[in-house]
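Look at TrEMBL and you will find Asp29 tagged as active site, nucleophile. What TrEMBL lists as active site, proton donor is Asp31. Under the heading Mg(2+) binding site, TrEMBL lists Asp29, Asp31, Asp202. The substrate binding site annotation in TrEMBL covers Asp40, Asp120.
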Amino acid sequence: MSSSSAAVAEAVACCRLEKQQRRRLAAFDFDHTIVAQNTDTVVRDLLPTEVVSSRALNELVENDCWTEYMSEVFRLLHEQQVTEARIRDTIRVIPEVPGFVRLIKHLHKKLNFDMIIISDSNSVFIDEWLKAHNLADCFVAIFTNPAEFDSNGQLQVRPHHQQSECKLSASNLCKGRVLEHFVIEQDLRRSIRYDHVFYVGDGNNDICPVLRQRACDFACARQGFAMEKHLIRNRNKLKLRAHLLVWKSGFDLMEQMLALPQMQVSQVDLETPEGQAEMARRASAVAGPTKPTN
């Protein structure tokens, strides 16, 4: 390459680096993470007990067809004349996991995090709950099963996608794939590079995304739930690279996050050379001294 071509390439690279935004991302599960219950089962329980325990519904669960199971639940709810208004009212009053409304607002307003939700619930339930708690504007994207009420008032739900490659995930949603694609797309399309990704979840379907995280990321598992138990029990086998944070509530998680050395530099500082140098210094301090080379 000629000296002039090299200079042009260097200038282009420098221009890209100058334009690139360095940010932090928090990705959340929804059921039993942000909200204290499973939105699907809360709405399902609006059905009479004898309908919920029917053989046809149980066979769908046994065959691991959760999206199809919920489609049948929504059909039965419509058949039982459970209205759209009642379903929405039921969703709105599901309690938060203590401290999560405050955590989300703090990350959004004070720490300037990008935030997304990756959930096996559905878009109607998540949108309804977020609006009721004034959180809808806090998230840059929500990845879940698309849903809508049809002209007859029946809730229709579709799989987010269909996949068979990931054995840790359901056929309708691989959270790891979703998280990876989002991070890559943010970099390629918007020149946003995430210095740290926090994944917050509770269940077995939250294992896949944290196993794809980097050493600079954080896997945040709810204490006493399946995600934490699985990661602790199989930690060596799974080769988890991310730092593991175990939390009890949103208050607890926020306290742990704010205490991290990586969180001591403000988001504004991160976009300056001085801020990035300070972040590198702190990360080096956390990693410990390196062995001298001969």
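Glycine is no exception: its Cβ is also placed from the backbone N, Cα and C atoms.
Just so you know, TrEMBL annotations are computer predictions that nobody has curated.
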Rounded Cα-Cα span from Asp40 (substrate binding site) to the residue listed as 'active site, proton donor', Å: 9
Intrachain C-beta neighbours of Asp202 (Mg(2+) binding site), sequence separation six or more, cut-off 8 angstroms: Asp29, Asp31, His32, Thr33, Ala221, Arg222, Phe225, Ala226, Met227, Glu228
Around the Cβ of Asp120 (substrate binding site), the count of other Cβ atoms that are within 10 Å: 25
Packing count at the residue listed as 'active site, proton donor' (other Cβ atoms within 10 Å of its Cβ): 23
Mg(2+) site shell beyond Asp29, Asp31, Asp202, criterion: Cβ within 8 Å of Cβ centroid: Phe30, His32, Thr33, Ile34, Ser119, Gly201, Gly203, Asp206, Arg222, Phe225
Cβ-based isolation winner (fewest other Cβ atoms within 10 Å) among the recorded positions Asp29, Asp40: Asp40
